[in-house]
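Now, the feature entries from TrEMBL:
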type	residues	note
DOMAIN	170-307	domain 'O-antigen ligase-related'
TRANSMEM	9-30	transmembrane segment
TRANSMEM	36-55	transmembrane segment
TRANSMEM	67-86	transmembrane segment
TRANSMEM	92-109	transmembrane segment
TRANSMEM	116-138	transmembrane segment
TRANSMEM	144-161	transmembrane segment
TRANSMEM	168-198	transmembrane segment
TRANSMEM	210-231	transmembrane segment
TRANSMEM	267-288	transmembrane segment
TRANSMEM	294-314	transmembrane segment
TRANSMEM	326-345	transmembrane segment
TRANSMEM	351-368	transmembrane segment
Amino acid sequence: MNKRNSNDITIIALVIFEFINTMFRAFGMVNINQSIILREFDFIILLVLMIKHFISQKKIDITILKYIVLYLYIVFISSIYGISNITEFSNIIMPLVLGLLGCTVYFSLDDKRLRAIIYIGVWIMLFLYYSFVITGSYAHDPTGINSIYYFLLSFPLILCFPKSLLKLITVILITIVVVISMKSTALIILISVLLIEYYYHMKDSSLKRIIMPFFILLFFVIAIFMIKRFLNIDVVEMYVKSNILDGGNGRTEIWKNVINMFKNSNIVQMIFGHGYNAVANITGLSAHNDYLELLFDFGILGFCGFISTIFYWIKSYFKMKKLEFKYSKLFLMVICELLIIFFFSSCYFQASYYLMIVFILFSLINNYKVTKRKVLSNE
């Protein structure tokens, strides 16, 4: 195992540890203060790894420089309005640390030990979610319910693993738990990722192209039936009640409120923002939309930096697809996940939700650049 793969494994293991640690904290399995200490210790190790990588680099890529500038701006604005504790500070800095680590590490799923760590982490998180949310006492606790994203955002990784019975069982279990959870955002993410999987199999035989959509639909129907039969949970009725009759949990009203607050801001606030967590501090609620939250908290400047990062990811995907890069499917899946969760949730500074995805995005870009150089040198 080479040094790059060793770094992959170390970073992924630390991130999964943080996922499980956060779930333990959410479900009251560990003391909150001890859990936060473990979280910050995890963060310090990742920070040291990042600094070590950049000390060894002779130059900084222009893309990395832009990413650093964006976060320096965010930290500056946040510090002006005040950051109340170390957890908020690490929430702001952690995506930067993982993104920069990704820029220096050559991510690959070829290592069996890396796949084993991801499998173990996902199965532990599935067990915790089923025990404490699906059949436990946290079925109506927002923190507990939202912990579904810890393993759902690992779903594309599982789909890109080599075919095996363990992979099939894991995919089925994740699907069943997502359906039972009745999280509409989680269900949209799941279906979107499966559609991308189908898109990348369209080059297969015509019979497979015809059968696969029906198989996916049949799979969901069977899952819903089995859940009702063995767990006595009527998924369809729950979904209609929680997402249609209740008006989608009032998201549209919250969005309108944030837009109106932004329109009523002065010109300086529109350009530079109101500071970290301003929406929640003013309304008592998050915006349930990271695009709006970033626009209000960090103004037009911060929003433009955020959007430029997203466009950079999308542009990188099309370059990968053109080169027929082997991880282009995985890259598209994680972009899709982030765009959806950013639209329906406020997770950009709840870093634990998507730390692994940030790392994977930038490390796959680094992998692509190395692959491209090899291809060009062989021409």
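Using the three backbone atoms N, Cα and C, a Cβ is placed for every residue, glycine included.
By number of Cβ pairs under 8 Å, the transmembrane segment (351-368) is matched best by 9-30 from the list 9-30, 36-55, 168-198, 267-288, 294-314. Using the rule of three or more Cβ pairs under 8 Å, pairs at least 6 apart in sequence, the transmembrane segment (168-198) is in contact with the transmembrane segment (116-138).
Taken together, the residues of the domain 'O-antigen ligase-related' (170-307) have an average pLDDT of 76.
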